[in-house]
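Under the heading active site, proton acceptor, Swiss-Prot lists His19. Swiss-Prot lists Tyr14, Tyr65, Asn67, Asn113 with the feature tRNA binding site, giving sequence analysis as the kind of evidence. The site 'Discriminates between blocked and unblocked aminoacyl-tRNA' annotation in Swiss-Prot covers Asn9 and rests on sequence analysis. Look at Swiss-Prot and you will find Asp92 tagged as site 'Stabilizes the basic form of H active site to accept a proton'.
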Amino acid sequence: MILVIGLGNPGTEYQYTRHNIGFIAIERIASKYHLSFSIKKKFNCEIAEAVIDRQKIIFIKPTTYMNLSGKSVILVKTYYNIKYEKVFVIHDDIDLEIGRIKFKTGGGNGGHNGLKSIDVVIGNHYNRIRIGIGRPKNNHDVADYVLNNFSESEYKIAMQSIDNIANNFGLILEHKLAEFTNKIV
């Protein structure tokens, strides 16, 4: 069983913000498998479930807002008894240039409040798919930057990266993490 979490904030006002790239990515991956999300109040998330390549996979989008994502993650992880190595979090990364993708297991949260929330409840030994959103220019406020929409050119770059992740997601299901890592760079 695999748990894939896309980080973001609920609500149409956040739908295309930089901070919601995790939601955008998980929706694209789920749509590749013809899945749709439904609200699960008991888990504080939207969820899509399927058996793909003989493996149960659960996609979630926490509805708790970014800074409380851990509340949803711990409920789903505990209910389904999912191992740490089978947890994948897709999130924005301000320290990576727009569209750059990095995969890693474990490590720090880089100041990302969604990851901090998850780390508090399950530790930091899970997998991360980091999608670069770049840094604000001219010392603009970071919170304001991540909560603003992508420019049209940034959105195109971000979507190319998301498509790259979605097109190679099957490698995760095949337990080929090294190959996935090489394909997404």
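Glycine too: its Cβ is placed from the backbone N, Cα and C atoms.
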Q. Among the recorded positions Asn9, Asn67, Asn113, which residue has its Cβ surrounded by the fewest other Cβ atoms within 10 Å?
A. Asn67
(Q) Rounded to a whole angstrom, what is the C-alpha distance between Tyr14 (tRNA binding site) and Asp92 (site 'Stabilizes the basic form of H active site to accept a proton')? (A) 13
Q) Listing them in sequence order, which of the recorded positions Asn9, Tyr65, Asn67, Asp92, Asn113 have their Cα within 10 Å of that of the residue listed as 'active site, proton acceptor'? A) Asn9, Asp92
Q. Relative to the Cβ of Asp92 (site 'Stabilizes the basic form of H active site to accept a proton'), which residues of the same chain, six or more apart in sequence, are found under 8 Å away?
A. Leu7, Arg18, His19, Asn20, Ile21, Gly22, His112, Arg130, Ile131, Gly132, Ile133, Val146
Q) What other residues of this chain sit with their CB within 8 A of the center of the CB atoms of Tyr14, Tyr65, Asn67, Asn113, the recorded tRNA site? A) Asn9, His19, Thr64, Met66, Leu68, Ser69, Gly114
Q) Taking the Cβ of Tyr14 (tRNA binding site) as the centre, how many other Cβ atoms fall within a 10 Å radius? A) 17
Q) Among the recorded positions listed here, His19, Tyr65, whose Cβ has the fewest other Cβ atoms inside 10 Å? A) Tyr65
**Q.** Nearest of the binding-site residues (Tyr65, Asn67, Asn113) to Asn9 (site 'Discriminates between blocked and unblocked aminoacyl-tRNA'), judged by Cα-Cα distance
**A.** Tyr65
(Q) How many Å separate the two farthest-apart Cα atoms among the tRNA-binding residues Tyr14, Tyr65, Asn67, Asn113? (A) 16
Q.
Through the lens of DSSP with three states only, how would you label Asn67 (tRNA binding site)?
A. helix
